[in-house]
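Q: This is the structure I have questions about; it appears just below.
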Amino acid sequence: MASHLELNNGTKMPTLGLGTWKSPPGQVTEAVKVAIDLGYRHIDCAQVYQNEKEVGVALQEKLKEQVVKRQDLFIVSKLWCTFHDKSMVKGAFQKTLSDLQLDYLDLYLIHWPTGFKPGPDYFPLDASGNVIPSDTDFVDTWTAMEQLVDEGLVKTIGVSNFNPLQIERILNKPGLKYKPAVNQIECHPYLTQEKLIEYCHSKGIVVTAYSPLGSPDRPWAKPEDPSLLEDPRIKAIAAKYNKTTAQVLIRFPIQRNLVVIPKSVTPVRIAENLKVFDFEVSSEDMATLLSYNRNWRVCALMSCAKHKDYPFHAEV
């Protein structure tokens, strides 16, 4: 299995990255330092995670120590929904760049297709608890993303949480300069995303799987929610390979030719999550894992369900 996947502009993207969603600011610096020391080269960030400054401290330290060269790192961040207005994209990008203490990013994604009302709140809500949308169209936002590439600020651009119809709208944009190179989506055995992945691959778009372990530390977890890590069927498959359940859950997307970004701030787990290139899950076990799909989402973003660009209504 490849340790890198080639993007549609020839850039190579490491198959395994460190996720930083929900990594507490006080722990994420150490987590990123440990990850780089262990051999991680791909770090997945976002402005809305509110910890990019701390990630930047770790990156700077490792670059200064010459543990790694900048060109060997693959740093990803994402444009938040309150900055979809074309005039706001560059400012949001520059904030991320300065927080991460970098001169350029390797990949910048539109985090969600849904534009929100600009302002200090990341989730501006009305009295009924619904997100207040902005009067923006992500196709226009894409034009501003393309300008970042032209200015040499980012090597590659892509999307996240977009459905095929939404990607199609970008691909059909008049005067399109750069196709989305990546679509980052939630993906694990309870949400296998076969149709969406098949669509993306048919368009030469690499898919990154987030929440590969089902995001067990999500704040809104309910006791009755299914747990991938505790699923006895997945535990049994892992035992067969003398691997942990997490390692099988990380290996699963890799064998589907996806990029995967498990999050951890625990050094032992960060190391364990990297040890997924020395075994192969059989095609029978892969088919079994795929059969566990139940279209169960960790990240359904229900506060946006009434938004015109909410991505999860149509399973197309």
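Each residue, glycine too, has its Cβ placed from N, Cα and C.
Taken from Swiss-Prot, the feature N-acetylalanine covers Ala2, and the record attributes it to similarity to another entry. Sequence annotations record features per position, and here Swiss-Prot assigns phosphoserine to Ser3. Here Swiss-Prot flags 10-19, 211-273 as NADP(+) binding site. What Swiss-Prot lists as active site, proton donor is Tyr49, and the listing cites similarity to another entry. The feature site 'Lowers pKa of active site Tyr' is assigned by Swiss-Prot to Lys78. Taken from Swiss-Prot, the feature N6-acetyllysine applies to Lys95, Lys222, Lys263. Per Swiss-Prot, substrate binding site is recorded for His111, and the stated evidence type is similarity to another entry.
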Q: Run through His111, Lys222, Lys263 for me and report the recorded positions whose CA is within 10 Å of the CA of Ser211 (NADP(+) binding site), in sequence order.
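A: Cα within 10 Å of Ser211 (NADP(+) binding site): Lys263.
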Q: Out of Lys78, Lys95, His111, give me whichever of these recorded positions has the highest number of other Cβ atoms within 10 Å.
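A: Counting every other Cβ within 10 Å of each candidate, the maximum falls on Lys78.
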Q: Could you measure between Tyr241 (NADP(+) binding site) and Ser3 (phosphoserine) for me? Cα positions, answer in whole angstrom.
A: 20
Q: Between the Cα atoms of Arg251 (NADP(+) binding site) and Ser3 (phosphoserine), find the distance and write it as a whole number of Å.
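A: About 12 Å separate the Cα atoms of these two residues.
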Q: For the recorded positions Lys222, Arg251, Lys263, work out the Cβ neighbour count at 10 Å and name the residue with the minimum.
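A: Counting other Cβ atoms within 10 Å of each of the recorded positions Lys222, Arg251, Lys263 gives the minimum at Lys222.
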Q: Taking Cα atoms as reference points, rank the recorded positions Lys78, Lys95, Lys222, Ala271 by distance from Lys263 (N6-acetyllysine) and give the first.
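A: Nearest by Cα distance to Lys263 (N6-acetyllysine): Ala271.
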Q: Inside 10 Å of the Cβ of Asp231 (NADP(+) binding site), count up the other Cβ atoms and send me the figure.
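A: If we count other Cβ atoms within 10 Å of Asp231 (NADP(+) binding site), we arrive at 19.
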Q: Do me a favour and check the Cα-Cα span between Ala271 (NADP(+) binding site) and Lys222 (N6-acetyllysine); whole Å is fine.
A: 29
Q: Rounded to an integer, what is the Cα-Cα distance in Å between Lys78 (site 'Lowers pKa of active site Tyr') and the residue listed as 'substrate binding site'?
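A: That separation, Cα to Cα, works out to 5 Å.
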Q: Could you check the recorded positions Ser3, Ser211 and say which one's CB has the most other CB atoms within 10 Å?
A: Ser211
